[in-house]
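Some features that Swiss-Prot has for this protein:
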type     : residues                                                       : note
BINDING  : Ala196, Lys197, Thr198, Gly199, Ser200, Gly201, Lys202, Thr203 : ATP binding site
COMPBIAS : 46-67                                                          : compositional bias 'Acidic residues'
COMPBIAS : 68-78                                                          : compositional bias 'Low complexity'
COMPBIAS : 93-105                                                         : compositional bias 'Acidic residues'
COMPBIAS : 137-147                                                        : compositional bias 'Polar residues'
DOMAIN   : 183-356                                                        : domain 'Helicase ATP-binding'
DOMAIN   : 430-572                                                        : domain 'Helicase C-terminal'
REGION   : 1-149                                                          : region 'Disordered'
REGION   : 414-436                                                        : region 'Disordered'
MOTIF    : 152-180                                                        : motif 'Q motif'
MOTIF    : 304-307                                                        : motif 'DEAD box'
Amino acid sequence: MAVSKKSRKSEPSAAFTAADGLVLDQSEIMRAMLAAQKGKQKEESEGNDESDEEDDDVSNEGEDEGESSGSEAESSVAAQRNLKRRRSLSFELDAEGEEDKENEESEPRPQPSSGAGMLSRTALATKDMTPKPRSKPQPNGLPSASKPSADVTFESLGLSRPLITALASINIKKPTEIQAACVEPILSGRDCIGGAKTGSGKTMAFALPIVERIARDPFGVWAVVLTPTRELAYQLSEQFLVIGKPLGLTTATIVGGMDMMKQAQELEARPHIIVATPGRLCDLLRSGGVGPGKLSRVRTLVLDEADRMLTPSFAPELAYLFSQIPAKRQTCLFTATVSEAIMELANKEPPAGKQRPFVYRVASDTLTVSNLKQKYLFIPSQIRDPYLLYILQNPLEDIDVALRVDPKKAKAREREAALGKKGKKPKQAKEEEDAPSVPSTVIFTQRCATAHLLHLLLNSLDIPSVPLHSHLTQPQRLLSLARFRAHEVPVLVTTDVGSRGLDIPEVAMVINWDCPRRSDDYVHRVGRTARAGRGGVAVTIITERDTELVKIIEDEVNVRLEELKLDEDKVLEGLNKVSLARRMATMEMHDSGFGERQATNKAKQIKRMKRDAAAAGKA
């Protein structure tokens, strides 16, 4: 149904409208955001006594690592006091803005004074760890199309031969369930809401039909893909480039932290696909750096990681972008965790004469893949360092044999075998080559300071690692990801900025240094391993502060974490070495002025806000 000129004039961004008349109403999206905001305000009013630790506050690092004093009884009381609040927080997402500020909650809690001596190692095991009976995680009333046939092929979905050939070149020969369900409806122009586990091929589910439609009728800017993080934006651009380059498609990646003039020039060149974070794209459009009408012919809008995008913090940018993109367009939402905002959109009765968007969610009893082995390690917070070192230097038996050796060495042997090199190597050299090395590992922390400190700590212990957090410049962040992907270093230490959407092949293990505060954060973190049918291991370190929290995560995700038992005597043999390395890493962080730039920017922001408030008061 065409949008009348009168209604378009009075409400320039009144609706998401697909090519065949399907509508995702923008007003409903905004209502969902406001509902989420009210829930967040209620949470804040209930928990005013909680304090958020700033990422750039290095001086609080010792407190975060559990070095403050207190009684075990006080710790237990604090845990019980916060339990009710945490239960309501389990599925709520914090918005991540354009500058990728991690606003993770890290609650200061009293700690036992004697460390290991004050903690019973059987305390967690004696608790009732059996998950409560839980229905399938599919939200009640969420409409979903029927499961596609197992015989579906890319050709039967309507993709052209050149695109199928491009997929074969990257070893994609058969569509996954989410791809088989969503490619055809998106290809026909329908709006779509798709949900599936991490590593199930959601990106290709919307990328393939977009590329196919552009190849049939290429002109100007056809599609805009919005993501919550910069790293995910670059990854999506790479995937569009791989499948679209043989067809002559062009893309532009528009994110913060990079040269705005260069990005403005890229937009002036009218790429077929724009992959962007909302803040930077809005800045370019508002500043006049891009000529008017550059987005006037956009036909498809995609919100990737839609549960994070449909939060109040992104509402102003999305509202502005809606007004710049034609009202008559196709809209696609994809996510691994279905939030209340998405459920509202899926269940909303469409306007008269309209249909609901096509909705498909991969049904499952759990929110994590079956080939992922999930374990917990229950230890005092003060001795996490030696346990981390031991796990990295002694790969777990659950890790696939193929991932327990250096990927570079394995690939070198494959090349030699392909070339027919059969020369025998000395026995000692062969044993050294086959000896288990540090597996490809992603370590997640709550705070930027913790991530950077662990990175320095591991490097001083001769375990090469790279950091990924918002205190790094964008080129530094891209370099860290590139080195980890190329297997130059075996360990990536990151905050939750690296938990969403990043597809890093051959990650053998994920370690949660800090227990996630929400179950959906847990799902996205552990989803960095066991992708595309591969195996993987996730180890969550649980301290005396997290015993109730892990039970909530088990209930929400519908899994039972298996206890990881290690020889404590062997682990603590490296305690002195690790303690010395931590002191050296702490001094190096202090000398480097870590977080000073962020502290200066924050002070300027506070000063500017006070000045604006004073000016508003005078007016």
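Even glycines carry a Cβ here, placed using N, Cα and C.
In the three-state DSSP scheme, Lys202 (ATP binding site) falls into the helix class. In terms of DSSP helix, strand and coil, the motif 'DEAD box' (304-307) has 2 helix, 1 strand, 1 coil. For the domain 'Helicase C-terminal' (430-572), the model's pLDDT averages out at 86. Counting only same-chain residues six or more apart in sequence, the Cβ atoms lying under 8 angstroms from the Cβ of Thr198 (ATP binding site) belong to Ala336, Val369, Val523, His524, Gly527, Arg528, Arg531. Of all Cβ atoms in the protein chains displayed, 21 besides its own lie within 10 Å of the Cβ of Gly201 (ATP binding site). Following the DSSP three-state reduction, the secondary structure of Ala196 (ATP binding site) is coil.
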